[in-house]
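Participant: Have a look at this one before I ask anything.
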């Protein structure tokens, strides 16, 4: 059996990991200290819900953790789960923020979805949760 025959026959392991993705957290090692965590995911893709064309973006997450911290590999898999999903820029930014907040319950969180220009239009969607404290 060739590789292409095998891949047509069953779900690839990467597809399986993405479809099973759930956001994982671990205990904050310094819960009594106010600090920020900055994460950038530069290869985000989804599909335009109107044209079906691919949209590409850099997702930037900045947050002040509470009792839990987001685990990076699970975030990557979660973000990759949007690859074949038809979703607007605004909806994806709000959905991701809601899901990250539900998982980690941060003191403060901001998510920025910086989409590549298309048709001479550059869109950046910024959403936030909670009140930011000085570090």
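Note: Cβ is positioned from N, Cα and C throughout, glycine not excepted.
Sharing the features that Swiss-Prot gives for it:
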- 48: active site, thioimide intermediate (ACT_SITE)
- 55: active site, proton donor (ACT_SITE)
- 70, 71, 72, 89, 90: substrate binding site (BINDING)
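What's the neighbourhood like for these features in this structure?
Facilitator: Counting only same-chain residues at least 6 apart in sequence, those with a Cβ under 8 Å from the Cβ of residue 48 (active site, thioimide intermediate) are 54, 55, 86, 88.
When secondary structure is read from DSSP and collapsed to three states, residue 55 (active site, proton donor) falls in the strand class. Take the CB of residue 55 (active site, proton donor) and look out to 10 A: across all protein chains shown you find 22 other CB atoms.
For residue 71 (substrate binding site), the same-chain residues 6+ apart in sequence whose C-beta sits under 8 angstroms from its C-beta are 23, 24, 25, 26.
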Participant: Which chain-mates of residue 70 (substrate binding site) that are at least 6 residues away have a CB under 8 A from its CB, listed by sequence?
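Facilitator: Sequence-distant Cβ neighbours: 23, 24, 25, 37, 39, 61, 63, 100, 103, 104.
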Participant: Based on the record's binding annotation for substrate (70, 71, 72, 89, 90), what whole-number value in Å is the widest Cα to Cα distance?
Facilitator: 24
